[in-house]
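Asks: Input: one structure, supplied below.
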Ligand SMILES: Nc1ncnc2c1ncn2[C@@H]1O[C@H](COP(=O)(O)OP(=O)(O)OP(=O)(O)O)[C@@H](O)[C@H]1O
């Protein structure tokens, strides 16, 4: 594209973006300073940075993308989103929650995978992996072709929860080798933990993930899958953002305990996904009451209905609550997910119903747009 032509495209894009107004303040996204560093490259790619403000709806960036894509002469649109850091002015610097590029996941990275669900939590230890494992096992039991990617680099314990101690095999011709996922309880299993040294400090792992994830994923022979469940690292830092930017995630299941809700970590997690245009399917409340193994009596150790309140506060679907039951922990330790080992238990029934709701949400979605 010639410089004069690029200039014309630039002007047309600028005009198209200027027509996008903030729904409450009415200011347009260009003169309000949200769109920055607008450029048109020789190949017709339009690039700009979108400086999101705290009260911006998640749809504003999408509107800007659609408007730019429709402009005559534009081949591709790349947007870097800067998120407002909580309570602090924005600074330039390394990848962090306040300054992240927009997710531009590669659609061809997992070509045989129809849907990707991420299971996430605001903080560690709330039962995120337990939900991911049982969600995957339930979907597989219901006849779907399911993969499970353990991307929890800080505590990759999904293989153990599936009773797997093997390392994946390498298959394929020389120069085109791929790692074959392990097959356990009808689920194809792969863990980023296979790449990490046990003694590697956790602080090294977040930055590492951005570098290795793409290569790692393209070197796994997933085959055809209806659903890939991704067990995310806990929290909302760089590692989570790298994942969202690399993998095309169709929906996120947020796991919380009634207690965790009150800390606001979950809310921060939900906001991070919304700001990166990653749909959140709903909230699961785990450890929602202890069921005594002796008498079956239920005790609300961590309080009640926090997840439900959070769901209504955020307008998200409440996907269900899972009680605190010893058999869930035992199933995890023994490598037999409770939905398989004790399918009639209250927790297994709850987890299966959650899987059904997630499955229904996925079926209702339009074909994945990337
Ligand atoms: N509903 C439950 N009833 C009983 N034990 C549970 C339940 N949910 C999770 N656990 C147990 O709590 C512990 C933490 O669960 P899990 O590893 O799934 O949490 P996580 O959020 O993935 O943690 P991390 O952030 O460390 O990866 C495990 O021992 C698990 O078996």
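Glycine too: its Cβ is placed from the backbone N, Cα and C atoms.
Quick paste of what TrEMBL says about this protein:
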DOMAIN    12-78  domain 'MIP18 family-like'
BINDING   122, 123, 124, 125, 126, 127, 128, 129  ATP binding site
Asks: For a Cβ distance below 6 Å to any atom of ligand 1, name the binding-site residues from 123, 124, 128 that qualify, or say none.
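Replies: Only 124, 128 meet the Cβ criterion.
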Asks: For each of 123, 128, count the other CB atoms within 10 A of its CB; which of these binding-site residues has the top count?
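Replies: Per the Cβ count, the most surrounded site is 128.
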Asks: Please list, for the domain 'MIP18 family-like' (12-78), how many residues fall into helix, strand and coil according to DSSP.
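Replies: Reading the DSSP string over the domain 'MIP18 family-like' (12-78) gives 18 helix, 18 strand, 31 coil.
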Asks: Cβ-Cβ under 8 Å from residue 129 (ATP binding site), same chain, 6 or more residues apart: which ones?
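Replies: Residue 129 (ATP binding site) has long-range Cβ partners 119, 150, 152, 155, 157, 158, 161, 231, 332.
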Asks: Helix, strand or coil by DSSP: which one applies to residue 129 (ATP binding site)?
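Replies: Once the DSSP labels are grouped into three classes, residue 129 (ATP binding site) ends up as helix.
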